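Sequence annotations record features per position, and here TrEMBL assigns ATP binding site to G140, G142, K143, S144. Taken from TrEMBL, the feature region 'Domain I, interacts with DnaA modulators' applies to 1-78. According to TrEMBL, the feature region 'Domain III, AAA+ region' maps to 97-313. The region 'Domain IV, binds dsDNA' annotation in TrEMBL covers 314-446.
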Amino acid sequence: MVRGEEIKERLKNVISESGYRLWIEPLTIEAQGEGAVRFICPNRFMANWIAENYQEQIKKVVKELGGQDLLFQVREEEAEEKQLFLPYEPARLLGRRLCDRYTFDEFVVGDSNYYAYSACYSLAQGDPNSKILYLFSKTGLGKSHLSQAIGHHVLREKRDLRVCYLTAQDFTNQMVRAIKTNTIDRFKERFRQGCDILMLEEVHFLTGKDYTQAELALTLDYLFDDNKAVVFTSTAPPREIPKIQESLRSRLSAGLITSINPPDYQTRVKIIERKARRQKTVLSEEVIHYLATSLTGDIRQIEGAIVGLLTRASLLKHPVDLDLAREVVRELVGDRRDVTKEKIIELVCRYFQVSRDELRSPSRRRSVSYPRQMAMYLCRKFTGETLEAIGRMFNRDHATVVHALNTISRRSSKEAKTRYQLEYLCQQIEDLIGETGASGVAAQTD
Ligand SMILES: Nc1ncnc2c1ncn2[C@@H]1O[C@H](COP(=O)(O)OP(=O)(O)OP(=O)(O)O)[C@@H](O)[C@H]1O
């Protein structure tokens, strides 16, 4: 039978340190027999947050340990044997389920995302001039939210249309499975005839995957010819994704290409107010200002802070005030948050004389792969980012990051040179932290 402690131990490796401390540690995890595992959360905020942010990682770990079904419960509701969420499977939806709250209504629009929002909305409305869209941004700025909002809108408003929502990795896996099981014709048919709107996330994943790229290019031709709508998302514009065949690159660039930028101060304030309202709370101006000036990038982090704040307040029976907000922000991003991944990468590039593009490229040359492994190791150590998030920065998957961390640990314990390099780089980063101050909260308002 799966053991709760073992699940927690494994989750430590796939969730950032602060995320683990804040969200996973307080859970009670119980095996239920027949492979079911029950996660008991102290309150509903927490249950919702964990479901939306960590469900995939939890599922994977539970499966690795031989479990199957997950059941999330809120402690007070435990006796009622209430299941908190059910799989969302609207008819006409092929692929992944859509997150309930990723709708246009829930999306806060500001200068940084207005253009992307309008483009998505026009496409969802069926505007004949807006059929192909490519959205790109850094992590946590709303690509999935906007593409799923299109899905919700179409599924609700356009009863005769079918939506297909998946990631480029899903597309690849399904294709490989179809080849293995001799069902490639059915696979092709599914996309070519079975969907009116294709939303394909994380297309940068296709880098170097020639066979999948060719198949996707053909699928797109069918869809474009039939005047179907297609939305792509990625962390980079098509021209910057390495190892993409020109035939696919030109199809990815066939429509409107638009970026989402990090929200400005006013938009962050609006986002904080909206997210708090969603949790049926009104925050003081002081707390809102503090959060909006401390958390300037990834909106996922803003959400984490709000949910963390409310959870903490309810567990400690403490008012939601500035002190508590400081504590939560510190825990979430750490005093070291100013040492961003970007700065670490810059330092590594300078030290090893490689470029950022080389670190992100598929190159396996030792002169590139070793600095890349070092950068991954340092990002994990100093930013506490998840293995997935670190992998994404270098166009790699989570397993590659695990391998990099193990390699650097092993080499630094055996080889003086690696140990010296690691110590030197760590010292440089520590110095950067010193410069940014112990309180670490950037008091900027853009
Ligand atoms: N403008 C916004 N208004 C409200 N919520 C937002 C907005 N932008 C992003 N969010 C929220 O931030 C979180 C992260 O957004 P999302 O997953 O869409 O980012 P992403 O760009 O797809 O990130 P990644 O590249 O890591 O997959 C989500 O919970 C989403 O609801």
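Just so you know, glycine gets a Cβ as well, placed from its N, Cα and C.
Across the region 'Domain I, interacts with DnaA modulators' (1-78), the model assigns an average pLDDT of 79. Long-range Cβ neighbours of S144 (ATP binding site) (same chain, at least 6 residues apart, Cβ-Cβ under 8 Å): C99, Y102, E201, T233. Helix, strand and coil counts under DSSP for the region 'Domain I, interacts with DnaA modulators' (1-78) come to 44 helix, 17 strand, 17 coil. When the binding-site residues G140, G142 are compared by the number of other C-beta atoms lying within 10 angstroms of their own C-beta, G140 comes out lowest. Excluding G140, G142, K143, S144, which define the ATP site, the same chain contributes S137, T139, L141, H145, L146, T233, I260, I299 within 8 Å (Cβ to the Cβ centroid), listed in sequence order. S144 (ATP binding site) falls within a helical segment according to DSSP.
Remark: secondary structure over the region 'Domain IV, binds dsDNA' (314-446) totals 95 helix, 0 strand, 38 coil, with classes taken from DSSP. Cβ-based neighbour count (10 Å, all protein chains) for K143 (ATP binding site) stands at 25.
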